[in-house]
Structure formats: C-alpha cells, structure tokens
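Q: Annotation source Swiss-Prot lists Mg(2+) binding site at Asp87, Asp89, Asp91. According to Swiss-Prot, the feature Zn(2+) binding site maps to Cys88, Cys104, Cys111, an assignment based on sequence analysis.
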Amino acid sequence: MSDNPQEYELDWDVEKRLKLNDAGLVPAIVQADGTNEVLMMAWMDTHALAYTLATRRGTYFSRSRNEYWIKGLTSGNVQEVTGVALDCDGDTVLLTVKQTGGACHTGAHTCFDNDVLL
C-alpha cells in the first residue's frame, strides 16, 4: 500500500456522485466520533478521498501548499476515520474521526472554538 494519495483512484460509483468545484475539490466537514462535534473543514480531491477510504487516515488537499496533507503525519495529531458520507447533492463530504491531539493546525481541539459569533 503506497503512502502517496495521488496513486489512489476513487471507485467510479462514488466518483460519479461527487460534484467537485472548478478546482476539482469538494469540502470535507470533519466531526468527532461519538460526540459529532465539528472539528474542522478541509478540502479533498478524488485521490485524497480514495486514500482516506483505503487507509482510514484523514487525508486532504491543501490549496495554499498545493499538496496532499495526511492529518497528523508531521504533528502526530492523527485522525482515524470511522465514517464517510456524502451529502444529498454530492457536493460535501462528511467524515467522522477518532481525533488524537488537536484537529486544528493551531493545535486547538477544534478549528471552531475561538470566534463564537452568536
């Protein structure tokens, strides 16, 4: 099994349901297994989703770095993926994960804990 997400191809039955944006990406919402707390939002392409499904490791595409990002590979804050679902339109992916350490790149438990607006 390769550690290069780009070598993974998404099953056609899944891929034909996805509605990717013009950049070939789909938003991925990540929730904590057991509590359903929203931890983060990231982007995936078909290779990142295929790699995630094959390895159960949260894998995303960084738009700013233009590269794949396997959550926790450098930080140790890994995501064991326990569930993956598409929304009714196929334009958003929902991942359920067992999170080790912080989910946010800042090290915080969630990316949504700093600026509560309401």
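Including glycine, each Cβ sits where the backbone N, Cα and C put it.
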Q: Between Cys104 (Zn(2+) binding site) and Asp89 (Mg(2+) binding site), find the distance joining the two CA atoms and give it rounded to the nearest Å.
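A: Cα of Cys104 (Zn(2+) binding site) to Cα of Asp89 (Mg(2+) binding site) measures 27 Å after rounding.
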Q: Here the binding-site residues are Asp87, Asp89, Asp91; which one has the lowest number of other Cβ atoms no more than 10 Å from its Cβ?
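A: Among the binding-site residues Asp87, Asp89, Asp91, the sparsest Cβ neighbourhood within 10 Å belongs to Asp89.
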Q: Tell me the Cβ contacts of Cys111 (Zn(2+) binding site) under 8 Å, same chain only and six or more apart in sequence, or just say none.
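A: Residues satisfying the criterion: Leu39, Met40, Met41, Ala103, Cys104, His105.
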Q: If you count other Cβ atoms within 10 Å of each one's Cβ, which of the binding-site residues Cys88, Cys104 has the most?
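A: Selected residue: Cys104.
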